[in-house]
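Engineer: The annotation transit peptide is assigned in Swiss-Prot to 1-23 on the grounds of sequence analysis. Per Swiss-Prot, the feature active site, proton donor maps to Tyr79. Summarising the annotation, Swiss-Prot assigns NADP(+) binding site to Asn172, 199-202, 222-224, 297-300, 322-324, Lys382 and lists similarity to another entry as the type of evidence.
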Amino acid sequence: MYRNQLARASLRSTSSINQIRNMITAQAVVYAQHGEPKDVLKTLKYEIDDDNLDSNSIIVKTLGSPVNPSDINQIQGVYPSKPEKTTELGSNEPVAVCGNEGLFEILKVGDNVSNFKVGDWCVPTSVNMGTWRTHMLCGGDEMTKIPNPEQSKANGKPSGLSVNQGATISVNPLTAYLMLTHYVKLTPGKDWFIQNGGNSAVGKYATQISNLLGINSISVIRDRPDLQDLIKNMTEECGATKVITEEQNASKEFGSEIKSWVKETGGEIKLALNCVGGKNSTGIARKLNNNGLMLTYGGMSMQPVILPTSLHIFKNITSSGFWVTQLLKNDVELKRKTLGQIIEWYENRQLKDAPSKETKFNPSDELSRYYIDGIVNSKGGKQLIVY
């Protein structure tokens, strides 16, 4: 509602720009109907009135915004959380701006905004802000400040955040950290967690974060020709305690080997993180000790989670879903606290970000083309549009 009020006061469609003295020309990637991205995404050009800024609002420019699977699912209409469709940007029909994650720089602040100054970096406080755009007009409370490189340096930190780190901080790193810390108390040096999808972005963040917290990890990965090189990378670069294959995860005989690892530390496997489903999820659930918890945050195999009845009855295993959007939706303070921890690790060079394929936007081009291409190329890795 607040953004709609701001829009009426400070946004103009390109047809009325002759009446305005000082305007910021912007582009956004929008859709009016759900469908396949190549069929429904369009570029909407609009203007932001830089001279008549509401006292409680800010104007930001985008530094980078990624393409996430959830963004694609929103466009297709199959994601539970959907942005509101409006005409606030001057479109002829209600449209939604794509994108949920991104990094922004403050261009201008209203007179009543005290938590930002020009040049600050920020990320959206809530979901469905619509980050696939060049500029945004929003309320000062709709963004959360994160340090820019100059501020990190001034605070004596070894490193400042990169655009990739800032633009991708709100989903994968937060997902990994919250799954490890929000539900089960894991004793450093003793306890373990096990995860499938160990080579995924969230998997690598979870491995690194568990290492920083002193928690032992078991990562399950697919067998491949360069298996030993990958295992070496995950143990030496990410800090994985143990890395096993899907075949070993499914093997009852190999289970005794895992029990010996856990016995050496005097702890338990209390947590399993599942992003695959199917028999793979059964395998990691079987490794849990009594009263263990399995969190499911994805389903890459498109197969249902399968848990034998015996695990529920005799081991009291709990299986729950994890959705970072829902968890943080009504808990802004938890998001800020979690962001602060991830930022600290980035600044101290203790946490490595998942790499993205960066594509530089040319303002003379149609913005939607970059994201349509990014969606196509996302099968080969994370895509980040930088500005």
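The backbone N, Cα and C atoms fix where each Cβ goes, glycine too.
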Engineer: List the Cα distance (Å, whole number) between Phe322 (NADP(+) binding site) and the residue listed as 'active site, proton donor'.
Structural biologist: 15
Engineer: Among the binding-site residues Asn172, Ser200, which residue has the fewest other Cβ atoms within 10 Å of its own Cβ?
Structural biologist: Ser200
Engineer: So if I measure Cβ to Cβ from Gly299 (NADP(+) binding site) and keep only same-chain residues at least 6 apart in sequence, which ones fall under 8 Å?
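Structural biologist: Set apart from Gly299 (NADP(+) binding site) by at least 6 residues yet with Cβ under 8 Å, we have Cys275, Val276, Gly277, Val305.
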Engineer: Let's check the environment of Phe322 (NADP(+) binding site): how many other CB atoms sit within 10 Å of its CB?
Structural biologist: 19
Engineer: For Val324 (NADP(+) binding site), which of the three DSSP-derived states applies: helix, strand, or coil?
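Structural biologist: Assignment for Val324 (NADP(+) binding site) reads helix.
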Engineer: Measure from the CA atom of the residue listed as 'active site, proton donor' to the CA atom of Ser200 (NADP(+) binding site) and give the result in Å, rounded to a whole number.
Structural biologist: 21
Engineer: Enumerate same-chain residues with a sequence separation of six or more from Val202 (NADP(+) binding site) and a Cβ-Cβ distance below 8 A; give 'none' if the list is empty.
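Structural biologist: Long-range Cβ contacts: Asn172, Thr175, Ala176, Leu273, Cys275, Tyr297, Gly298.
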